[in-house]
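What TrEMBL says about this one:
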TRANSMEM  A:20-42  transmembrane segment
DOMAIN    A:23-238  domain 'MacB-like periplasmic core'
TRANSMEM  A:280-305  transmembrane segment
DOMAIN    A:285-402  domain 'ABC3 transporter permease C-terminal'
TRANSMEM  A:325-352  transmembrane segment
TRANSMEM  A:375-399  transmembrane segment
DOMAIN    A:423-632  domain 'MacB-like periplasmic core'
TRANSMEM  A:427-446  transmembrane segment
TRANSMEM  A:687-713  transmembrane segment
DOMAIN    A:691-802  domain 'ABC3 transporter permease C-terminal'
TRANSMEM  A:744-764  transmembrane segment
TRANSMEM  A:776-798  transmembrane segment
Amino acid sequence: MHILHDFKFAKRQIAKRPGFAAAVILTLALGIGANSAIFSMINGLMLKPLPYPEGEQLVAVYNTYPKMGLPNAGVSVPDYIDRRDRTEVFQSTAMYTWNGMNLTGEGNPERLLALRTTPSLFEVLRIKPMLGRTLGEEHAEIGNDRAVVLSHGLWQAAFGAREGIVGEDIRLNGEPYEVVGVMPAGFVFPNQNVQLWMPFAFTPQQMSDEERGREFSNMIARLKPGASTEQAQQQVDRIHEINRERAPAGVAEFWANSGFGGRVVNYREELIGELRGPLWLLQVAVAFVLLIACANVANLMLARVTARRRELSVRKAMGAASRRIVAQILCESGLLALLGGFAGLLVAWYGLELLTLAGLGSTNELFDIRLDGTVFAFALGIAMTTGVLFGVVPALAAVRGNTAEVLKEGGRSASSGRGAQLTRSTLVVAQVAIAAMLLVGSGLLIRSFMELQGTDAGFNPEGVLTAGLSLPDNPYDDPAAMRDFHDRLVARLEAIPGVVAAGMTNVAPFEGGNSQSSYSIEGYEPGPGENSPHGMVRRADSGYFEAMEIPVLSGRAFTPEDGPDNPVAVIDEILARRYFPDENPIGRRIGFDDEENPEWFTVVGVVGTVKHSGLDEQVSKETYYLPIRNAAVGSPTLVLRTAMPPAGLIDPLREAVREIDPQLPLTRIRTMEEMIDVSLQTRRAPMLLLMVFAGVALALSAIGIYGVLAYSVSQRTGELGVRMALGARIGDILQLVMRQGGRLVAIGLALGLVAALALTGMISSQLYGVSRFDPFVLIGVVVFLGLIAALACLIPAWRAACVNPIEALRYE
Amino acid sequence: MNDTQRPLIQLSEVTKVFLTDEVETHALGGVHLEVGEGEYVSISGPSGCGKSTLLSILGLLDTPTGGRYELNGTPVESLSAADRAHVRNREIGFIFQAFNLIGDLSVFENVELPLTYRDGIGKAERKQRVVEALERVGMAHRLRHYPAQLSGGQQQRVAVARALVGKPSILLADEPTGNLDSRNGEAVMALLDELHRGGATICMVTHDPRYAEFAERKIHLFDGRVVDEETLNRLRAEEEQRIEEQIASRKPAAADSAP
């Protein structure tokens, strides 16, 4: 019953001081809200099970070439079959690859992303269809593979949710495919962009050993109950050992030199990827913000308890035991924390939207990121913990007071003792230290980001528009047809007013794709233990280098005449330096495909190195360019340079493509600057958020410093009056108070910087081009925090200087 | 003040009006006062007569609403806050009823305080002057103590030393014995007397006639004006008479007919 009574009293106390309550609740709401928002990300990404039954049993299996700087490569069909048939840890396995399909016959042609997969995928994922059935083993045979499973979204959008669609044919890339089933709403694999699942039927050629190295697919598997990733890894390693033993000498040597093998990773871990580090970093950062918020609230509560010393002393005089006083204060702090927790959930709700907008988290709908029961419990838990944290200091202060003294003074001299002052000062020091740590972290990330933005990508992204095309096999798998299409399209694009240059490539930088291949150099023999040349291969045309403004360092770029009759290649600076260090590579030949009888291309030019995947990429792998007119490229990317805003070219571009082939939809229309911007998202989001959290921490610390000094000034009014009576000038009083605040700030800063230096190792993986001991950042933090702290000190100092000595002496 | 004494304080027609919510309170109504160098003056009067206001103006803690105030021959009634602080520091030593020592500072630091607000005094000189001041009040042996470790009388002695350390022209004492028992009160009065005999100019506010006797000149304030003793007695008698009449008029008529 006491507790009920205490809560009632606490409620009255809070209602009596709405300003105080609002300050506490708002401070806590910020702290708890930020924590809950980040936690909901962590919960959705790392803690909640995947939306597949026993999803933790799912693993991704890659080929890997660690000695060639290629940790994750795709999987070839024979590798997949080996792992499917010769391991015991996998309950089921599946292999899949992406395909762009044009849906026709239902209005305008629509570009769809399809997953070509072994029918076993649905068994691996253990998901049943909503209508019809999933792909069956019979569909894994060539000639019997014209079947398709629709996503729920596509079924609704393109087929009006018609149940009769099952069993009917739809036209994909101009060919009929039978709809065998529709997946339930919410089913996502591997991401929500995939709207179709089609059979991946292996040809005898694909299953032969000759296909090893054609690694364009992905593999997923389900572990048997009780089996571990490590066991799977061991078994996959064993298969590779056996394969190496029976492989031809040249192949075995390449595998040994490249470190070729398989890599088994938990599927969820693989999906989370680079997000794990930033998320935990942010969770630690917001925990620090919450600690600062707690310190502020504890200070507010301490001041409040000091003001209530007389009331508490009367209670003690009436026989209240210390534990009752403590319970009463804790009730008040608990109630405030609870209200702060609820307000925090509101902040978290908006915060989560902001986090997503900032680009943190995953856009993959596979993950269920939202405020759910777990997040609610988390918010409630931290609210209660903070309630105790910021309540216990004032509660202890409340029971320590000298009852008789307070009652004798009638509460007039409600000044707190040295102990309380010390506690308050310690809290401020801690706040400043934490704020300094967060500022250092945020400063380092900002510096990194600035360095990164200033990094040369190897081309000029300004004024470049890119767009993807998906060319159906018929007629574009014919190189002649492809060449004709290319020449007509590029000529049409160059005629668009405002277009400075137009080109085509198989993979544009920052597009997300890659293409790598081994090659040979005429007259070059790899030394013992050395890998045969392996590099990134790009198909391009004459306009590509001009449109991208990739510098030609020597020789020339492609010309419109370069094609099958004139097999030439352009290499980048890295390749030139690596294999032609002391000679001119122009005129030398590089070859592909068949080691015994390769197709030779004469090097006609050397161009600058281009970053393909990110501005922070340390490009170590060479790139060679071959004419796109030589090959059939299924999904080329168009690149246009303009002197106008690139977005203005979108409509003329669509029109130009429509003129050449009305059945071709344009996809992925983006400016190159947007693509680079997207690539920076994993760095920008943590930087922005840490900046916000550091800002909040700084603001809370400034409020804390202000609060402590303002309180101290109010307590020292008499002393200030005496000093003024003795001749202290305004400057002397200002100096006195500023010095008091300055001392706390200096100690906090010193501790914060030491801690920051120790802890910045946590973010070293996020840094680029800046040392974690960067003096610019450290000095910047000292100056910036010092200035803010000085401002926070100035207001109470000025108030102290304006004290009327007569009033002050009367107060004394 | 006799004719040979140089006037240290000269107030003429000094008024002080407080404005609170459109209500005017005339705390001082045209005060004339001269205090000569080396003089020991007591200011007394009933509560609310303006003693503290007068002392605040004398000590440059407050400014008069009207009139002139010359301190040591310099007009000071309209000095800026900074200049007033400067004059306070050099010309005036305060002794408060509540001692007003700063609890966080040691005895030495408390006494040193006025010197820290003065430029051009080195550490060694400050130390010498602090020790001298404390020796004059017999507290040199408590240099390192804190106020809370001293008795009330000792604290007031330290406060006197603090008032003396800057070698001010005048000591202003506001009820210096108000917070002391009679033994300590008398000891402090003896100390002030001794300082006066040593040449100090003292202006003391007190409501206690016994301590007022220590001064060589007594000034009486009544309703914000300086009055002589005869006038004071007359005004007091008139006021007492008025109060008695008011009380009598409030007695119930039935009381006369009570059995």
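Each Cβ is built from the backbone N, Cα and C atoms, and glycine gets one as well.
Using a Cβ-Cβ cut-off under 8 Å and counting only residues 6 or more beyond its ends in the same chain, the transmembrane segment (A:280-305) has close neighbours at 17, 20, 23-24, 27-28, 30-32, 34-35, 37-39, 42, 312, 329, 332-333, 336, 360, 382, 386, 389-391, 393-395, 397-398, 416, 420, 423-424, 427-428, 430-431, 434-435, 437-438, 441, 686, 689-690, 693-694, 696-697, 700-701, 703-704, 707-708, 711, 762-763, 766. The recorded stretches the transmembrane segment (A:427-446) and the transmembrane segment (A:325-352) do not share 3+ CB pairs below 8 A when only pairs 6 or more apart in sequence are counted, and are therefore not in contact.
A mean pLDDT of 89 is what the model gives for the domain 'MacB-like periplasmic core' (A:23-238). Secondary structure of the domain 'ABC3 transporter permease C-terminal' (A:691-802) per DSSP (helix as H, G, I; strand as E, B; remaining residues coil): 98 helix, 0 strand, 14 coil.
Comparison of A:20-42, A:325-352, A:687-713, A:744-764 by number of C-beta pairs under 8 angstroms to the transmembrane segment (A:776-798) places A:687-713 first. The stretch in A:325-352, A:687-713, A:744-764 that contributes the largest number of Cβ pairs under 8 Å to the transmembrane segment (A:20-42) is A:325-352.
Counting residue by residue with DSSP, the domain 'ABC3 transporter permease C-terminal' (A:285-402) contains 97 helix, 0 strand, 21 coil. Long-range contacts of the transmembrane segment (A:325-352) within its own chain (CB-CB distance under 8 A, at least 6 residues past either end) are made by residues 2-3, 6-7, 9-11, 13-14, 21, 24-37, 40-41, 297, 301, 305, 312, 315-316, 369-371, 375-376, 379-380, 382-384, 386-388, 390-392, 394-396, 398-399.
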